[in-house]
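Annotated in TrEMBL:
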type     : residues : note
TRANSMEM : 12-37    : transmembrane segment
TRANSMEM : 49-70    : transmembrane segment
TRANSMEM : 76-98    : transmembrane segment
TRANSMEM : 110-132  : transmembrane segment
TRANSMEM : 215-234  : transmembrane segment
Amino acid sequence: MLPLRLLKQRSILFGALFSLALQAVNGIASYYLALWFQVVRSATPLQSGLMLLPMVISILLASVISGYAITYIGYYVIFMIPAGLITLAGAIMTCYLEKDTPATFWIPDLALLGFGIGLGISGPFLAVQAILPERDTSVGLAIMSFSQEFGIALSLGIAQCLFLNELRKSIEAITPFLDPESVVNAGATSLVGTGLEKYAGLIAEEYSRGLRVTFVFGAGMAGVVFVMACCMEFRSVKQ
């Protein structure tokens, strides 16, 4: 059972919400950017995975840097707030991705987004160790882990609903001669043998519009990350 008394502690509550929103951004970016590369940029699954490397590498580097830096300096909030700002900037940039967007734009975008996510990922866990007594630390860490997993699951469910709704509306409005359900059921990269191959260019444009809605949702969650970071107590892990 979740001990509600721990959530009455300000940094635990806002730290959990910070973790939830941060991983929501991470989940949306990881899943829908890969889909964007495959559908809009005609990349293979392997190529789309390689295209996501700037974000993945930035997450790893920033998480290691922030972990060591917080341990040395002591104050986790001074990394969580910039993490929120950087994540927000990167998430907003994804909303402007187009089919002809050059690599000089999307590579720095993904690197920036990944750096923001990585910079903030360890903050809530270190806050637990700074705020809670030793007997409650394990429960506090479990709350943060649960928040991360729940954030990914919740955000992907909401993003998928937004994406499919926008895709259907976009197809009906712009290409009325196509059946929206046929396009959705065919999938993003499985048009061969469906009779829709000749409309691949139009379908890619509609997918791009639908994906943009998920990126806007991700930017909104990034804004939540920044707000939650500002609500954290200014405490040191060395106290």
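Each residue, glycine too, has its Cβ placed from N, Cα and C.
A Cβ distance under 8 Å defines the sequence-distant neighbours of the transmembrane segment (215-234), meaning residues of its chain 6+ beyond its ends; these are 10-11, 14-15, 17-18, 21-22, 24-25, 28-29, 32, 75-77, 80-81, 83-85, 87-88, 90-92, 94-95, 97, 116, 120, 123, 127, 131, 155, 158-159, 162.
Among residues of the same chain six or more beyond the transmembrane segment (12-37), those with a C-beta under 8 A of the stretch's C-beta atoms are 6, 43, 45, 47-49, 51-52, 55, 59, 80, 83-84, 87, 91, 94, 97, 110, 113, 117, 120-121, 123-124, 127-128, 131-132, 140, 143-144, 146-152, 154-156, 159, 163, 188, 207-208, 211, 214-215, 217-218, 221-222, 224-225, 228-229, 231-232.
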